[in-house]
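Novice: Reproduced below are the annotations present in TrEMBL:
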DOMAIN    D:7-283  domain 'Phosphofructokinase'
BINDING   D:G15, D:R76, D:S77, D:G106, D:D107, D:G108, D:S109  ATP binding site
BINDING   D:R25, D:S26, D:V27, D:V28, D:R29, D:R159, D:G190, D:A191, D:E192, D:K218, D:S219, D:S220  ADP binding site
BINDING   D:D107  Mg(2+) binding site
BINDING   D:T130, D:I131, D:D132, D:R167, D:M174, D:G175, D:R176, D:E227, D:R252, D:H258, D:M259, D:Q260, D:R261  substrate binding site
ACT_SITE  D:D132  active site, proton acceptor
Number of protein chains: 4
Amino acid sequence: MSNTIKKVAVFTSGGDSPGMNAAIRSVVRTCAFYKIECVGIYRGYEGMIEGDFKPLTARSVKDIINKGGTFLKSARSDEFRTKEGRKKAYDALVAENVDALVVIGGDGSFTGALIFNEEFGFPVMGIPGTIDNDIYGTSHTLGYDTALNTVVDCVDKIRDTASSHNRLFFVEVMGRDAGHIALNVGVGAGAEEILIPEEDLGLDRLLESLRRSKQSGKSSSIVIVAEGDKTGKNVFELKDYVEENMEEYEVRVSVLGHMQRGGSPSCFDRVLASRMGVKAVESLLEGKSNYMVGLLKDEIVLTPLEQAVKGKSEIDHELIRVSDIMTT
Amino acid sequence: MSNTIKKVAVFTSGGDSPGMNAAIRSVVRTCAFYKIECVGIYRGYEGMIEGDFKPLTARSVKDIINKGGTFLKSARSDEFRTKEGRKKAYDALVAENVDALVVIGGDGSFTGALIFNEEFGFPVMGIPGTIDNDIYGTSHTLGYDTALNTVVDCVDKIRDTASSHNRLFFVEVMGRDAGHIALNVGVGAGAEEILIPEEDLGLDRLLESLRRSKQSGKSSSIVIVAEGDKTGKNVFELKDYVEENMEEYEVRVSVLGHMQRGGSPSCFDRVLASRMGVKAVESLLEGKSNYMVGLLKDEIVLTPLEQAVKGKSEIDHELIRVSDIMTT
Amino acid sequence: MSNTIKKVAVFTSGGDSPGMNAAIRSVVRTCAFYKIECVGIYRGYEGMIEGDFKPLTARSVKDIINKGGTFLKSARSDEFRTKEGRKKAYDALVAENVDALVVIGGDGSFTGALIFNEEFGFPVMGIPGTIDNDIYGTSHTLGYDTALNTVVDCVDKIRDTASSHNRLFFVEVMGRDAGHIALNVGVGAGAEEILIPEEDLGLDRLLESLRRSKQSGKSSSIVIVAEGDKTGKNVFELKDYVEENMEEYEVRVSVLGHMQRGGSPSCFDRVLASRMGVKAVESLLEGKSNYMVGLLKDEIVLTPLEQAVKGKSEIDHELIRVSDIMTT
Amino acid sequence: MSNTIKKVAVFTSGGDSPGMNAAIRSVVRTCAFYKIECVGIYRGYEGMIEGDFKPLTARSVKDIINKGGTFLKSARSDEFRTKEGRKKAYDALVAENVDALVVIGGDGSFTGALIFNEEFGFPVMGIPGTIDNDIYGTSHTLGYDTALNTVVDCVDKIRDTASSHNRLFFVEVMGRDAGHIALNVGVGAGAEEILIPEEDLGLDRLLESLRRSKQSGKSSSIVIVAEGDKTGKNVFELKDYVEENMEEYEVRVSVLGHMQRGGSPSCFDRVLASRMGVKAVESLLEGKSNYMVGLLKDEIVLTPLEQAVKGKSEIDHELIRVSDIMTT
């Protein structure tokens with residue numbers, strides 16, 4: 001492997017997600033395995049600019065594989081959006097003798113890395129970490145599987161109370177641009193209807209579906225609504241609309257919120273993080289740069305960062321069909 | 001034991017809570033043990049009026065001790081608030097040969113039972129089921145312990161993301177009239193501040209406390225807010241107020257909502273439900289009426305229903321003091 | 001679609017696994033969607049012989065998607081291994097007007113279905129349900145993902161006590177013929193060593209690895225052992241062997257046992273079950289028979305049952321490599 | 001308050017239990033609140049002898065309230081059983097200017113503290129930490145409530161597979177000298193029979209009970225067995241005995257093992273730990289010594305350590321009666 005890279009820096013950026021700690025651990029241990037140095041950068045690009053670095057050894061990352069969040073913390077950085085900010089960051093990295101970067105985050109974080117690479121020729125590798133699963137080039141982002149379990153567990157709990165009271169619940173889940181969580185949780189929790197950004201179900205069809213559900217003898221119903229659903233109404237407006245148009249139902253709203261991002265990662269996310277960290281470091285050592293590590297058809301593969309940023313993760317249309325059959 | 005009671009009816013009323021199914025099971029099995037009949041009434045007082053009864057045997061209630069919600073369902077009944085409604089309910093019970101009632105619910109449900117007993121002399125026993133723990137005459141209502149664990153688990157998850165981003169979170173938990181959940185979860189989750197209906201912390205002291213917390217080096221903070229807190233502001237107004245007055249913090253709000261009511265009951269709630277159901281049926285068989293079964297100082301005791309309805313469950317002031325020490 | 005199939009029977013066979021109920025539900029609802037009848041067979045082949053059938057409608061399977069186990073129950077059947085037994089089963093199916101079978105289970109269950117098809121030309125479709133993930137033709141069997149999370153959660157708990165006491169734990173997990181659970185949980189829980197049936201690590205290398213781990217400053221260690229590991233020793237003999245050869249360690253053993261099979265299915269398993277059930281029924285309606293529905297490279301595909309039975313699911317050798325790097 | 005105590009040392013000893021970290025945190029923060037110093041002693045009496053101390057501030061204990069195990073670790077110490085060992089420990093404490101000790105542990109740990117106090121007049125306070133709940137002077141030891149939830153959750157999972165296969169399971173739970181876990185989990189998980197050290201059910205009555213259970217139509221059964229049950233047989237011998245005498249049942253055994261000690265503490269245990277830590281430090285500051293902090297009838301109280309060590313925690317006979325009614 002290449003011996004031009006002697007020190008790798010790893011950081012997390014953007015919204016946190018379960019599995020980020022496991023990915024940091026993997027990057028650190030892979031560096032240790034190949035006997036190269038590793039530093040952690042605190043608070044993402046902000047900390048990079050400020051030189052907030054800390055050497056990490058195999059021992060530094062023990063007992064974190066099962067922890068939610070990111071111990072390196074994350075932050076937005078307005079300064080990194082300026083050329084001056086990025087220059088400062090570059091100088092800090094050079095001063096620390098860092099040769100390459102592994103960034104764990106989402107679209108915005110990757111865009112920053114791309115520009116940084118373009119300006120300073122700094123080798124960068126991306127690992128997709130976000131619960132929304134809205135990144136092109138990977139079937140699963142880190143934290144997505146965990147979030148599915150967290151959300152399905154919440155909806156199961158809401159089902160308890162919905163069933164006890166014959167109520168209709170609108171449950172808003174994360175996903176501003178992508179309905180992956182809503183669709184999978186909707187199927188997994190047996191929701192009666194699912195509203196996602198990718199599909200315009202239309203308010204009329206929603207009412208019709210709820211009426212049919214009521215007539216078929218269902219006494220309670222759960223509708224999963226992605227934050228960015230296409231009806232153009234937010235979840236509280238939806239409630240009002242349905243209550244105005246269907247007196248049969250007493251409607252309740254639940255916005256699950258930030259707890260969806262937290263929690264101990266699932267086994268899948270821990271294993272995925274471990275695999276991605278190895279690939280990221282080994283790819284850098286092979287002289288590669290500007291790629292995102294992803295999982296496609298069960299294999300760990302590289303996608304050019306530029307494609308990852310520009311491409312769009314597609315909703316699973318076959319699963320929409322399955323969902324329709326399940327709610328017959 | 002008395003042989004005037006040959007058939008007991010059990011029902012759930014008001015908001016559901018984890019442990020209600022376990023309490024129904026206990027009532028049913030205790031009836032079976034004493035070789036008397038038991039019927040379940042569906043949908044509370046509404047079902048009582050409609051005669052929506054179902055005979056329950058020891059077998060009918062297998063595999064429900066660990067289920068959230070109530071399989072007998074619950075409902076509000078406007079009709080039961082009228083004398084005519086209650087007469088219908090009485091006639092339905094007489095037609096079914098029911099001799100006594102066990103009502104599992106909260107204040108409102110007990111008030112209904114009291115009036116019913118006054119008018120028709122029907123023996124009634126209450127079992128306190130609500131997550132809010134706001135009932136006089138018992139240290140623990142059914143579902144309260146489970147809700148504490150559910151909520152503390154959510155706040156742990158929010159802590160993951162709060163810590164990763166150095167943010168301030170306001171987390172609203174259930175408790176319109178009582179701060180038990182907020183106070184205990186606040187201590188259990190290590191919250192920096194706790195706002196409850198029983199105490200007027202005052203907005204100034206909140207700001208001061210948050211500033212002190214920031215200065216002491218804490219980079220993230222969690223404030224637990226009971227629904228009915230004394231500041232007179234709801235949780236979103238609180239957010240605005242703090243953001244206007246403290247620019248150091250990026251504030252996020254999370255309203256946990258109805259999921260707090262659901263989920264498989266904790267071992268404590270299952271055992272408590274089992275003990276309460278036995279006591280309710282045995283007390284009826286001893287000829288007692290108009291009592292609520294409660295847990296006081298670890299013992300199962302009876303409190304007159306009238307006191308249970310009129311009395312007020314007190315917040316644990318010693319625990320407020322502990323909370324203050326913990327957030328030093 | 002074919003209109004020769006008017007009634008489908010579904011049953012579970014062999015060891016139960018989380019997701020079986022979700023798969024039954026999906027088969028039932030897909031039948032409802034295509035307006036064909038569906039019956040459930042209780043207790044697998046045993047119930048088939050006895051004609052223990054029950055008509056299932058979309059309503060019959062509500063509220064089971066999140067339940068572990070199988071409400072249709074499972075059983076071994078010695079009688080079905082005889083030609084007479086299978087004839088009885090055939091007669092019972094014909095008497096019930098069943099046109100096709102969906103069997104949810106593992107290798108043994110599929111073998112039974114194959115023989116039955118051969119003898120009576122009865123259309124059969126298989127859905128792989130077992131936590132062991134040891135079936136050819138699918139990357140994931142139903143229940144495997146759930147089991148990974150259950151087991152990783154147990155190992156996290158054992159880690160708490162191992163770390164507190166500087167102890168070495170051998171944790172035996174399920175997997176008599178396949179090390180999938182052991183390998184993934186080993187990586188996911190950060191185990192120091194993993195012993196699986198597919199690889200002969202050798203006792204010497206185990207001791208060496210534990211010594212190295214001790215020397216590198218680790219004060220506690222966890223070794224994951226698959227039931228069928230290659231050392232030829234069971235987990236208690238392993239403990240004795242290590243204690244005899246390494247006095248540095250106080251060794252403890254934990255055999256996780258049957259709880260690994262239970263619990264509410266993960267979101268992944270619920271979605272997978274829903275997808276598989278749709279495919280199974282639609283394939284029968286298309287006139288196909290003798291296939292197993294599987295997931296390969298994220299797509300739902302068919303594999304001839306015969307191949308599924310004869311083929312061998314391969315361990316992920318790349319993940320073994322990742323594991324070695326992680327335990328550097 | 002007394003100003004003779006300027007520095008408190010806290011340590012954990014014996015088996016770890018969930019809530020120990022929360023108790024350490026509480027001791028540390030209470031010291032901070034009263035502006036006295038606090039040091040942590042690593043590895044119990046062993047570390048005390050070796051002077052393995054670390055100053056702890058309010059910041060040192062952040063983010064540990066929800067962690068299982070004990071970050072101060074625990075260990076057995078043969079040397080502390082000798083007078084020389086205890087003299088070394090005393091010298092180390094004096095060298096560190098420690099004025100008083102808070103020991104978190106069980107009977108054995110308290111006995112050590114008593115002897116130490118007798119020999120050197122060193123002020124000591126005990127906090128009961130063990131999942132077994134076998135300590136006199138407190139209705140709840142730290143970790144007991146958490147363990148109940150962990151174990152009931154395991155038994156729920158085993159129930160899934162037991163029900164699916166019509167099997168009889170013997171589940172061994174912790175409790176060598178006390179059946180608290182077995183009794184409460186038995187009631188909470190709806191076990192058909194419970195075998196505890198405090199009661200000699202007798203093998204004949206067990207068989208009779210299982211036969212009655214079978215005849216009443218139960219197809220699966222779960223028997224909870226405390227480690228130290230009175231039958232004189234271990235759980236595997238029990239299995240053999242039952243299989244020899246009842247061919248109706250296929251018996252399986254599950255020994256839950258060390259995972260029962262781990263996991264994130266329940267809200268109850270976190271709050272209890274917080275309350276106990278405050279009381280322990282405040283009592284020392286009031287000049288008290290040789291007490292154990294306990295919870296009795298919902299109040300935090302002191303019991304002389306000597307009584308705590310000599311007394312016996314009683315099984316709840318009323319709950320045994322409830323259990324008998326539930327399994328009618």
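Even glycines carry a Cβ here, placed using N, Cα and C.
Whatever TrEMBL says is automated annotation, not expert-curated.
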Novice: With a 10 Å radius around each C-beta, find which of these binding-site residues (D:G15, D:G106, D:G108, D:G190) has the fewest other C-beta atoms nearby.
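Specialist: Taking D:G15, D:G106, D:G108, D:G190 as the binding-site residues, the minimal 10 Å Cβ count falls on D:G108.
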Novice: Measure from the Cβ of D:E192 (ADP binding site) and count the other Cβ atoms within 10 Å, all protein chains considered.
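Specialist: Its Cβ shell of radius 10 Å holds 21 other Cβ atoms.
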Novice: If you count Cβ atoms within 10 Å of the Cβ of D:M174 (substrate binding site), leaving out that atom itself, what do you get?
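Specialist: 23, counting other Cβ atoms within 10 Å of D:M174 (substrate binding site).
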Novice: Out of D:G106, D:D107, D:S109, D:R176, the binding-site residues in the record, which is closest to D:G190 (ADP binding site) when you go by Cα distance?
Specialist: D:R176
Novice: What does the structure give for the C-alpha distance between D:T130 (substrate binding site) and D:R29 (ADP binding site)? Integer Å is fine.
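Specialist: Computed Cα spacing between D:T130 (substrate binding site) and D:R29 (ADP binding site) is 22 Å.
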Novice: Compute the centroid of the Cβ atoms of D:G15, D:R76, D:S77, D:G106, D:D107, D:G108, D:S109, then list the same-chain residues not in that set whose Cβ lies within 8 Å of it, in sequence order, for the ATP site.
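Specialist: Other same-chain residues with Cβ inside the cutoff are D:S13, D:G14, D:G44, D:S74, D:G105, D:G112.
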Novice: Cα-Cα separation of D:S109 (ATP binding site) and D:R29 (ADP binding site), in Å?
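Specialist: Cα of D:S109 (ATP binding site) to Cα of D:R29 (ADP binding site) measures 23 Å after rounding.
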Novice: Can you filter D:V27, D:R29, D:G190 (the binding-site residues) down to those whose Cβ is less than 8 Å from some Cβ in chain B?
Specialist: D:R29, D:G190
Novice: Cα-Cα, whole number of Å: D:E192 (ADP binding site) versus D:R76 (ATP binding site)?
Specialist: 38
Novice: Given the binding-site residues D:R25, D:S219, D:R252, D:M259, D:R261, state which is nearest to D:G15 (ATP binding site) when distance is taken between Cα atoms.
Specialist: D:R261
Novice: Under 8 Å, Cβ to Cβ, against chain C: pull out the ones among the binding-site residues D:D132, D:E192, D:M259 that qualify, in sequence order.
Specialist: D:M259
Novice: At a 10 Å cut-off from the C-beta of D:S109 (ATP binding site), count the other C-beta atoms across all protein chains.
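Specialist: Its Cβ has 25 other Cβ atoms within 10 Å.
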Novice: Measuring CA to CA, name the entry from the binding-site residues D:R76, D:G106, D:M259, D:R261 that ends up nearest D:V27 (ADP binding site).
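Specialist: That would be D:G106, the closest of D:R76, D:G106, D:M259, D:R261 to D:V27 (ADP binding site).
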Novice: List the same-chain residues at least 6 positions away in sequence whose Cβ sits under 8 Å from the Cβ of D:R25 (ADP binding site), in sequence order, or say none.
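Specialist: Expected: D:V61, D:I64, D:I65, D:A273, D:S274, D:G277.
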Novice: DSSP on D:G106 (ATP binding site), three-state: which is it?
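Specialist: Where D:G106 (ATP binding site) sits, the three-state DSSP reduction gives coil.
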Novice: I need the CA-to-CA distance for D:R76 (ATP binding site) versus D:M174 (substrate binding site), whole Å please.
Specialist: 20
Novice: Taking the Cα atoms as reference points, how far is D:R261 (substrate binding site) from D:G106 (ATP binding site) in Å?
Specialist: 14
